[in-house]
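For reference, TrEMBL has these:
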COMPBIAS  630-647  compositional bias 'Low complexity'
COMPBIAS  719-729  compositional bias 'Basic and acidic residues'
DOMAIN    122-239  domain 'Calponin-homology (CH)'
DOMAIN    267-370  domain 'Calponin-homology (CH)'
DOMAIN    392-498  domain 'Calponin-homology (CH)'
DOMAIN    513-621  domain 'Calponin-homology (CH)'
REGION    625-729  region 'Disordered'
Amino acid sequence: MSSFMGVFVSDQWLQSQFTQVELRALKSKFITMKNQKGKVTVGDLPPLMIKLKGLGDLSTEEEIRQVLGESNSDMDNEIDFEGFLRSYLDLQSRANAKLGNSKNSSSFLKATTTSMLHTISVSEKASYVAHINSYLRDDPFLKQFLPLDPSTNALFDLAKDGVLLCKLINVAVPNTIDERAINTKRVLNPWERNENHTLCLNSAKAIGCTVVNIGTQDLVEGRPHLVLGLISQIIKIQLLADLNLRKTPQLVELMEDNNDVEELMGLAPEKVLLKWMNFHLKKAGYKKPVTNFSSDLKDGEAYAYLLNVLAPEHCSPTTLDTKDATERANLVLEHAEKMDCKRYLTPKDIVEGSTNLNLAFVAQIFHQRNGLSTDNKKISFAEMMTDDELISREERCFRLWINSLGIDSYVNNLFEDVRNGWVLLEVLDKVSPRSVHWKHATKPPIKMPFRKVENCNQVVRIGKQLKLSLVNVAGNDFVQGNKKLILAFLWQLMRFNMLQLLKNLRSRFQGKGVTDADILNWANRKVKSSGRKSQMESFKDKSLSNGLFFLELLSAVEPRVVNWNIVTKGESDEEKKLNATYIISVARKLGCSIFLLPEDIIEVNQKMILTLTASIMYWSLQQPTEDSESSPAASPAASSRGGSPEPLDGSQMSPPPPFSPSTNGTESPAFASTPVSGEAEDSSVVAEVDDDDTVSDSITSAAQVDDEASDTATSTSLLEKEKELPSEE
């Protein structure tokens, strides 16, 4: 069994300050400069440092040169990679000091998981350990390791094999991971451990976590700040899962009139929670609005009013009469415990204004007793406002895909968040770098409606440059929130991204684009080469619903990944669901970042079937193998399991042999934000298919946005039809 290969630094403390993703990126920049100049001197560093995260906005090249001069008497001295890393840390430390910033503890969501000189919050760690002990204490496998002691590093040690994190994801969003795909031996080998972490990270993205700069090796090492940051995101998703009209239609009571419901639907879960809290505080007579989960809650008064109105039977006048904030916080927690609320924080955490723990505590109060009315008329109205199941599933898929790209914005509600055009411009910049003219774009918050239209007009222009089908579509259609147009556009964009990434892996490409037919043909040939007889006629082939073809395809690209002992025949609905759930987990375990649901396979959702096949194809084409069906001479970046989209220099990392564990393994190539160049190509990909094959570019275009249109309609006809539909506003 091959050991993990990565960028290693002789000074262990120095290595501990960076993730493997960061080390590879920094090493790549260092080697590039060295190759250009023959050697790297101290004087060469300022132009490079000014471009690195955390320094460019805070310092000028001259300031960086002065700082480097303080510790280096001769700027012409040659510097090695470790010296470069130490200089970077020193500059970042000074940059933070210049701003007066201290390192914040890990944030719940959309957190920077790769900041230097990491610190973790002891209180947060204790709270998350208590959460894990509570929710996983009866787990058949983990109960032998629980309860964990928050005063030790037991949490990080247990997280090293990936089982804990996978199980925690299933607690947050049940059935995300098929637990049959988790390797649950007491002692795992490096390959099995890497598989678990790859499954964990791809599944975390599939529930909305931000894991852009974290790799499997970081989790294998049990990096405290990264593990804690990921756990905090997972727990937050669990606690905020019901803060939407679909799960809790009673939330409609928070709005003063029916016209405000769309506003509520567009709010992030945290904002909905604040709105709910202020709704009850206003009824209780509390005068100050709560705008955050930190400073506004430090004195404990808001908590006292909230709990008094929600649970008056446990009310005590002493809580508000006491002058000491810590004592009041303690009485608040005692009141909450009488309501059976889990104690996520201590009086000290309230007084110090711990944002993450206060948010968790308020969410727990909401779950235990939301105090909202059960007015059937209002609830019925709220239920009418929610989308149908197919639109909801596609909204989920595209939202998660966008969030996985690592853009600055975080999308909570797709249809509301894209209406100003900014998010779509960020996505376009990831999919087609340098295509956006940022000087002509307006960043939110945007008060002037015409600025939103300008942003969306640029989106349409770029879409047409990418040859997306946008007949009779204008920027105002996005501003108006036309849901089917938005879904149609994003489907085309996701498909464009997939095909471009596949194109970049093919050395004998000769300028010819990858088509849906190529993907279909590759999958059929791959399965046939493994000695099996299953074939799919198209991406809407109803025989795909039993899941057997995809299990055979996964087995063909990696024979050891499918456990055939647990595969069903797929004859009944229950057997089909078992197979579909297993397919998704096995694909993620392999390294594919996919966002479809089991229902998409069972119902043979053409778009989702295409994304699944393309993602498996991309992963396969990256693997170093001598097989005649697929013989990619993968670059080091592509050779790692579930490879990283970031380029690696050959001197940093040796390509592992087949079946060796990955260094990073978190990005699925089919959905990576940055194209990966490689020299791999499956010669069968360019084979021709029959003329009557129904899979072509046109059938997977934006026209496929509903059941009737997905089979035969063209992009043009449907988009023209949707143009005539009334807007959502």
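Glycine is treated like the rest: Cβ placed from N, Cα and C.
In the domain 'Calponin-homology (CH)' (392-498), helix, strand and coil residues by DSSP number 68 helix, 0 strand, 39 coil. Break the domain 'Calponin-homology (CH)' (122-239) down by DSSP state and the numbers are 75 helix, 0 strand, 43 coil. When averaged over the domain 'Calponin-homology (CH)' (267-370), pLDDT in the model lands at 90. Assigned with DSSP, the residues of the domain 'Calponin-homology (CH)' (513-621) fall into helix, strand and coil as follows: 71 helix, 0 strand, 38 coil.
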